C-alpha cells in the first residue's frame, strides 16, 4: 500500500527565512501564493510586464516583480506557467538567476520529463502537485482542510530536497489531506494519459458519439443532451465519493444491469489496445514532440479543432438548456 504523509510528517520551519517566488498568478499560482503567505512564508510573485494578473496579486497583498527580479530575490522558485511557455521563460528569465542552494520547483513534470528544461546540477529540483484546481486548493485551505497532493524529487543537490518538498506541500495545505510521493516520470506520464484517454479526450468523444447516435436515430437533441452530457456529473460525483461500487449501489437495477452487459461492448480489448498506443506515444516522447511543434507554429491545428468542436450541435443545444439550471448561473 502506498504511504501517505500528513502534517506531522512535514517540517514547515524548513521554509523559514526563505523567499518563495511564485512565477505566474493563474489558478494554481494564486492558491500557492496565498496559502503559503497565510502559512507565514515570505512570498513574492513574478509576472511579465503588463500582466493582467498584477493588479489582482497586489490587491491580495503580495509584492510583484518581473520574473527575472523575482527569481534573483528568491531562494525558492515555483514555476506555475502553462507547459508551452515554461522553457522560453526559464531560459530567458529564470536560469540566469539560479545560484547554488536555490530550489526550482514545478506542479507538473512535463518540461523536466521531456528534457525541455535542464536545470544546473547545483539546485534542488522538486515537484508539488495538488490534485485539484487552484480555487479548490485555496478554498479548502481557508476552511481548515486541504487538497491531496503529489510530491517528487528530481535532483537533490542540498541533500534535503525531499524534506523541503514536503514542507512546501504542508505550506499549501496538502498534508492536511495527505501527500503521496512519486517521481517526475510517473506523474507526467499518468497525468497525460488520464487527460487523453479518459478525462478529456476519451470522455469528450464518448459524450459526443452518444449524443450523435441518439440524434441520428431521430430522438430530440435536448433529450440526447440530458442523457449523454448533463447526467455525466451525477454519475461521476457518485464515483468520486465512493468508487464504482457505490455508484452502482446508487443507480437503478436496470441501469446497473445495462452497465455490466453493455459497457464492455463499447470499451473492449480494441479500445484498450488504442489506450496502450496512446500511452506509448506519451512514454516515448511522440506526444510531447508533436505538442511542442504545434505550439512553435502558434497552434494552427489546435485552433482549427477548437473552432470545429465549438460548432458541434451539442454545444448549441447545451447553451440553451443550461439556462434552465439556476445552480449553473
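The backbone N, Cα and C atoms fix where each Cβ goes, glycine too.
Taken from Swiss-Prot, the feature domain 'KARI N-terminal Rossmann' applies to 2-182, supported by sequence analysis.
Following the DSSP three-state reduction, the secondary structure of residue 51 (NADP(+) binding site) is coil. Within its own chain, residue 51 (NADP(+) binding site) has 25 as residues 6 or more apart in sequence whose C-beta sits under 8 angstroms from its own. The NADP(+) binding site annotation in Swiss-Prot covers 25, 26, 27, 28, 51, 53, 83, 84, 85, 86, 134.
Around the Cβ of residue 108 (active site), the number of neighbouring Cβ atoms within 10 Å comes to 21. As annotated by Swiss-Prot, active site applies to 108.
Here Swiss-Prot flags 183-328 as domain 'KARI C-terminal knotted', drawing on sequence analysis.
The Mg(2+) 2 binding site annotation in Swiss-Prot covers 191, 227, 231, and the record cites sequence analysis as its basis. Applying an 8 A CB threshold to same-chain residues 6+ apart, the list for residue 227 (Mg(2+) 2 binding site) reads 210, 214.
As annotated by Swiss-Prot, Mg(2+) 1 binding site applies to 191, 195. Under the three-state DSSP scheme, residue 195 (Mg(2+) 1 binding site) falls in the helix class.
Here residue 252 (substrate binding site) comes close to no residue that lies at least six apart in sequence on the same chain with a C-beta under 8 angstroms from its C-beta. According to Swiss-Prot, the substrate binding site annotation covers 252.
Counting in whole angstrom, residue 108 (active site) lies 14 from residue 134 (NADP(+) binding site) by their C-alpha atoms. Cβ neighbour count for residue 27 (NADP(+) binding site): 15 (other Cβ atoms within 10 Å of its Cβ, all protein chains included).
If you compare Cα positions, residue 195 (Mg(2+) 1 binding site) sits closest to 83 out of the binding-site residues 27, 83, 85, 134, 231. Checking each of the binding-site residues 27, 83, 85, 134 against residue 191 (Mg(2+) 2 binding site) by C-alpha distance, the shortest gap belongs to 83. Looking only at other Cβ atoms within 10 Å, the busiest spot among the binding-site residues 191, 195 turns out to be 191. Ranked by how many other Cβ atoms sit within 10 Å of their Cβ, the binding-site residues 25, 85 place 85 at the bottom.
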